[in-house]
């Protein structure tokens, strides 16, 4: 495959007038997007309660402005002119710019395929559906959700027809979250994973929370504040806040913000959110460090690759023995817990515990993937017209029994648990499992090339070899490759769930040795 | 004078198509301005250190966008059409809309009188001047500041010539901060004030800090958080943060944010900043509550009136005996101080102490006004061409001797202390003293009409009669009146410094009785 050289240099721009002009317009759009992120971050973190409605108008106005600039005729023509100019002049970086225009026009052409009416109907319907879903979930009445969810499925199918696809309708929607990925490929990947996970699920063990007391939030925060810096996310370009749902967002190339949430009874909840969101943020930092941006190539590859970065730091690194040998004393000291109150083995077993449960966001490393595969199978059939919305609870419950061996006592703990479908985000779920698969494959490759990493972590709190490897092999590539090509270039082989399975098996063996030791 | 009826209703808009159209455009500009305020607030409070440069670009882009929309041909023509339409159709609110267009075109025409070159040269020069001033102040070398300050004075005079004036050059600049005010009028107002303050200065007394220990910031913050709510600024529409320089800003009609700063040795520093900024915020809330906005009339009258609102809560209310009889027990409890450690009389004397000092921002209630009059006299002569920049230190020092009786040991504690002139803000200073004058006059009128206020404060922590009076007589008027007309309508007489002097005299007598009691 072609070696990618980061040829986003400025020097070339003097010779490419139209290219330079198009890049100025792109820069402006990018800056406006960052301003929008400031508004959104502020809405989640600092906005006074009654300011919400007017903030909605501010976000609406700015979103509209960005859309009219990005999807408008002017920008399109400017970009076409720049693309033609690049075709005509043989100058260094010509091929890279060609890819840049491919990515740009993929996105522009895609959004232009939807009619204004469909976009608006989709937006209005999903906005109504949110409160319908909230209420239906609260009252455990799936039937109340059926009419509007059916409408969303219908509109999503219409979207898919507008976008176009080769093999199946679902692929057109998957493309929004995982460009280049196909359901047929996911089916193979997930089939292997599902079969391999089955025996592991049975070997998993539920471990009770070992914390001896509730830990006040200010102490949990003090502990959490230490983490991003240790991993390589400098406080000079980032900050940590608390929010209802943890998230990570980029407000500028040197302004990456993450959030966590605190559980008085379980400080690990906050720690693992911070590890996860720091992973996302480090990826965004790495992308911002690519010279010559912003551009359509200065972007993440896909949600799956983005999730691979968060999962890598959260699970591959954050649940490893060497990480906790390093972090355990820090945790005891800052949280003011004595060693005899919280033994290392108990803590480590708890961190890596697994047992089938009902709720995806609370699931462990092993069963999480099955939760995702279940959703993928269901939403694929739904969009491809093989099943109906009204039948979802039955299908959901029988798949839960089949995959995880558990009975679903109520729809609110079952088919109604997640927000995604009410927002029309069909094709989103599989990216979570892809993130797990990619992360294990990337980390295994890294470890082979860096056998000293675990010692560096344990003895020197030094994660730099990993961060540098990720920067070099993932972050610095921007959106130049597809997810599959990127994984191939970084690991030398196709995406393959066996690395994840091997990791989980090794983990089980490690835990079993603790329990029997 | 004409009674102002708040006729900004929507109902009329159906009949005034151009008016409605112009108001939509105005609403958009206003929303973009609020977004700009979000960016600026975030820059001061939450932005990571290294994000500053890119935030500058975001603010630059958005400011440019706002300017091009507001000062552009399209909006001007739209507003002209709406103004003509209003002239032609006799409908309820016609006169109010006439005032609205007067205010709008005053502002639009004024900004159009400056050439693009002059605006840019002014902006570049003052931006350079800031760092020159910082360095000159640090190194105590006024001579280093002379060339660029001379250039700023020169550019300011050119601005004044473009704006135009009747009597003297300075008036044209004063107009930017205190519309309708004239230097000749200020001269009279300040002449009386200066003469009356002279004997009071000599009766003032320096009181040492009575706090028995340093107070940690989290306790000061806990105390400070109680204040805005007590005064009537709901936490549902506001928030309090810490910043280097305290400020107040409006990010939306229900999103008013204030900041304070903490001094470990003196918790009053933070309390009085909060009182001051809450006053500004309450004014902004009151303006936002006027129906039918935003519009050019949904705005503050002038910087002097804005400052009158902050000073009223800070000084007239916040340094009063009844306020402290109410707040003293709260302060002792939250700051964990025993009564014997911090006696009420000592605290109250400290709160109201006065003695001549070098630095304006640290000055007491009495001498503060003299600091301002000094600056007004100097900048007026400077802009009117009667004195030269190079002579400023000598003039400054001799005026300090004459007005406050003290010697200025160095220019950094003298003529170099304030940032304003380096930014070209000639005409800004007098609004601080106007704020003090207006606040005393407003509060005296209020007290006459509400004799129970002091009991309500002392016994019920109830400030609602004052807030309601201010809403009715000041806030709800928006920018319908000039400052002088507003003061006349609220108090029944012309702006007059005698109310401030009476207040300060009474305060001195009160303190003298404590000291001799």
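Just so you know, glycine gets a Cβ as well, placed from its N, Cα and C.
Just so you know, TrEMBL annotations never went through curation; they're auto-generated.
According to TrEMBL, the feature active site, proton donor/acceptor maps to B:277. The annotation Zn(2+) binding site is assigned in TrEMBL to B:276, B:280, B:307.
Listed in sequence order, the residues B:248, B:277, B:279, B:306, B:309, B:310, B:311, B:313, B:314, B:435 complete the 8 Å Cβ shell around the Zn(2+) site centroid, once B:276, B:280, B:307 themselves are left out. Annotation for residue B:307 (Zn(2+) binding site): spatial neighbours B:431, B:432, B:434, B:435, B:436, B:438, B:439, criterion Cβ-Cβ under 8 Å with sequence separation of six or more. Note: residue B:277 (active site, proton donor/acceptor) has non-local neighbours B:246, B:247, B:248, B:258, B:259, B:260, B:310, i.e. same-chain residues 6+ apart with C-beta under 8 A of its own C-beta. Residue B:276 (Zn(2+) binding site) is surrounded by 24 other CB atoms, counting those within 10 A of its CB over all protein chains shown. Taking a C-beta cut-off of under 8 angstroms and a sequence separation of 6 or more, residue B:280 (Zn(2+) binding site) has the following same-chain neighbours: B:248, B:258, B:306, B:309, B:310.
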